[in-house]
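Copied over from TrEMBL:
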type	residues	note
DOMAIN	19-321	domain 'Isocitrate dehydrogenase kinase/phosphatase (AceK) regulatory'
DOMAIN	322-581	domain 'Isocitrate dehydrogenase kinase/phosphatase (AceK) kinase'
BINDING	327, 328, 329, 330, 331, 332, 333, 348	ATP binding site
ACT_SITE	383	active site
Ligand SMILES: Nc1ncnc2c1ncn2[C@@H]1O[C@H](COP(=O)(O)OP(=O)(O)OP(=O)(O)O)[C@@H](O)[C@H]1O
């Protein structure tokens, strides 16, 4: 659609100028976003983890800053009396015209909505004024002028090994490989083993996304092979070894492992994309079960992910009839949590009052959730989407839930005809609360499931430790089990940095009276933690106790926590890999000890990153099968 289609609209200079200001605001945003993603390559090449991580964290706030700038500019520039409904309608039409040759039009639409929703009242949130229905298809936008999204290689022409090497060297990383021939041979061997006795068809080709995906200390090559009718996705992680040389760490073909790598529980990737919708389109062929919203999010375009999620949610609401109910499990002291049984997410509203022992505030809770948003979630903390003023159809709310919200969060509720508006909420992937998972396994005497749950629980805590995170409240009810069987933490209101905690042993009682006293006989300071007390809360069940003591008894000693804290303070942070250790080439070939690589990477990172964890991680693989699950 071009501006020529709207000749009479050009008469409104104000509308045109407003549309231009908003699009300039978006273009500035995307320019800065891309600059950070481009710089990720340099940071990776130089092993400059600290700078890279800081940039990744700052990038999360870019969008809100640009929206704010744009809103301020419009408010300063225009008199509200000039901004009639007719003008706002024209603004949208001019904007559509401006997007006709744009390379990120779907993102620009979302930016337009963000700016307008900051200025206009809720009653304007309809398709006349904002993009409720996208005008630009969010499918792949074919833009002939854009640089190609992926490169195609034909191994039949040059030979597989040569092709694989060329794929890597084409990225022109400015750092030396320790032994690229060795690594490429390892990739080739795995590829051949994966293809088995499939003959290489004439159409055999390898498609590789043109930009590497950077996250923490890893760069990931993302591609897929096509052989006859068979398509296979693959990922090659590239890391630095202890000498700062590059190594191909493994090649992943397994759909489950690839999905876990792109999980909602990890930090966002940094990828230089001119046409992001083309990347999303490519990735969808690798991750067919992932909604587009999650793919945008994992690429760092979290506002687009949020907007698409909301559209999916509205679509789901229109096509379902069940009611919102309290989420199964033990009620929270801080949050009212509810869910629609047919929808795989939960909605969390901060209560107005918190009963003892909770000593917190709405502002503090929001701060903790924000901390998690910016922190490396190392595959063990769920990402949250934060929304304001969400309208729900009243008829879809169970009466009991409405009563619960009115009792615990009245300031967050507004009733508006047949709608209920919730002023602030978080949305998060729904998981099976670990307490419910363990009880269900116990009920059917499934000891293997209990053991898996406990191993995963302990691993989650230990990986969070590696990320300098102390969950605060370690009860099973605060952890969920994902559909991949991973245990993930989701209750952030008591989270602290490990480096800020003081792990103590309970002092000896002076006498029997001390021991029998209801209150502790020893002084307790803020952030004091007594790990030996954890057993009281975690080990009530005999089977759980057995498996806990078998795999994670160390979590019950102050010495273990204190030692980990000390390592963090000294600058060592244990690496955790987002795929099982036994997949790694070095693990199988033994050409470099895992410990050597891991310690050195950690040391580099922590020396430069301070108390902030980096890395792809997978620590303490007690049971590799469970990890892979
Ligand atoms: N992502 C999720 N998936 C499934 N259930 C969840 C999820 N998040 C929360 N719940 C359910 O809601 C309950 C309360 O959630 P949450 O622990 O976040 O609230 P809280 O008020 O912070 O709790 P606490 O009183 O422990 O501080 C959980 O115990 C669980 O049963």
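The first residue you see is number 1, and the count goes up from there.
Positions of Cβ are set from backbone N, Cα and C atoms, glycine also.
Heads up, TrEMBL stuff is auto-annotated, nobody curated it.
Cα to Cα, residue 331 (ATP binding site) and the residue listed as 'active site' are separated by 21 Å. Residue 327 (ATP binding site) sits 18 Å from the residue listed as 'active site', counting Cα to Cα. Among the recorded positions listed (329, 330, 333, 383), 329, 330, 333 have a CB atom closer than 6 Å to some atom of ligand 1, in sequence order. Taking Cβ-Cβ distances under 8 Å and a sequence gap of 6 or more within the same chain, the neighbours of residue 329 (ATP binding site) are 337, 433, 435, 436, 477. For residue 383 (active site), the nearest of the binding-site residues by C-alpha distance turns out to be 348; the candidates were 328, 330, 332, 333, 348. When Cβ neighbours within 10 Å are tallied across all protein chains shown, the highest count among the binding-site residues 328, 332 belongs to 332.
According to its DSSP assignment, residue 348 (ATP binding site) is in a strand. Mean pLDDT for the domain 'Isocitrate dehydrogenase kinase/phosphatase (AceK) kinase' (322-581) in this predicted model: 92. Per the record's binding annotation for ATP, residues 327, 328, 329, 330, 331, 332, 333, 348 show a top Cα-Cα distance of 15 Å. Sorting the binding-site residues 327, 330, 333 by the number of other Cβ atoms within 10 Å puts 327 first. Annotation for the binding-site residues 331, 348: lowest Cβ count within 10 Å of the residue's own Cβ, 331.
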